[in-house]
Ligand SMILES: [Zn+2]
């Protein structure tokens with residue numbers, strides 16, 4: 001079975017400050033290769049200072065650190081994908097969030113899905129973003145067993161929380177899911193959380209007290225087997241490109257309009273032209289530093 005893949009929003013709204021790699025700096029053997037094939041072929045991080053280059057959906061990651069496969073309150077899932085890499089800030093955040101998850105009734109911790117590849121970059125499957133070590137997917141399945149075997153981490157499935165194609169939550173939804181997303185959204189390191197529209201509306205209806213955290217909860221396609229956490233660019237990473245912040249407010253009216261569109265889809269525009277296929281990303285489309293990230297020797 002496949003987990004709902006994370007067709008993450010690209011997050012390219014902010015202007016890009018990094019210069020794209022110039023043709024001269026790209027080894028000839030790499031010029032025509034897709035960036036996802038180059039980054040997907042590297043199994044270890046670069047021996048460089050940790051730094052994110054570029055934007056969430058067009059970038060790479062130097063000096064990545066690995067989320068340990070097991071912790072007292074987390075399990076990294078699908079180890080065969082080798083995507084449990086990120087900035088030190090992401091790993092710290094996930095460990096902190098897992099401790100909060102372990103406090104929830106019925107939860108012993110959290111199951112963590114894809115983060116980034118060892119050197120970030122585009123992936124062969126599943127994501128537009130997750131490229132700079134600042135995105136992570138958290139399973140909706142409550143973490144129960146904190147001693148899963150590698151085989152179990154491949155075969156275990158998460159659970160979907162949606163019904164009506166994401167317009168509503170289903171019977172798997174619990175207040176603990178909301179508490180975990182609220183804890184994540186309340187963390188100053190977090191920029192955005194992506195989840196299906198019905199979950200956001202559910203939280204809008206049941207949130208009490210301070211509603212500021214709802215601002216970071218963003219309705220998006222998919223994201224019913226997991227929610228997706230995106231961190232801000234860490235301090236001191238000048239090559240990391242932030243996404244523009246969400247519009248002010250709790251975003252609940254916007255989420256409701258997503259739900260309305262699911263329930264009553266607007267008629268297709270007869271004049272709409274089909275979107276042209278996106279050209280495959282090559283190194284020339286990534287920040288120049290990504291060439292050296294790929295060329296750097298591996299950490300032992
Ligand atoms: Zn994701």
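Glycine is no exception: its Cβ is also placed from the backbone N, Cα and C atoms.
Those TrEMBL annotations? Automatic predictions, nothing curated.
According to TrEMBL, the protein has these features:
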type	residues	note
DISULFID	204-252	disulfide bond
DISULFID	233-240	disulfide bond
REGION	259-281	region 'Disordered'
COMPBIAS	264-279	compositional bias 'Pro residues'
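Within its own chain, the compositional bias 'Pro residues' (264-279) has no Cβ neighbours under 8 Å among residues six or more beyond its boundaries.
DSSP assigns residue 233 (disulfide bond) to coil in the three-state reduction, placing it in neither a helix nor a strand. Sequence-distant contacts of residue 233 (disulfide bond), defined as residues of its own chain at least six apart whose C-beta falls under 8 angstroms from its C-beta, comprise 52, 134, 240, 241, 242. Residue 240 (disulfide bond) falls within a strand when secondary structure is assigned with DSSP. Across the region 'Disordered' (259-281), DSSP assigns 5 helix, 0 strand, 18 coil. Shown are the disulfide-bonded residues 204, 240, 252; the one with the most C-beta atoms within 10 angstroms of its own C-beta is 240. Residue 204 (disulfide bond) falls within a helical segment according to DSSP.
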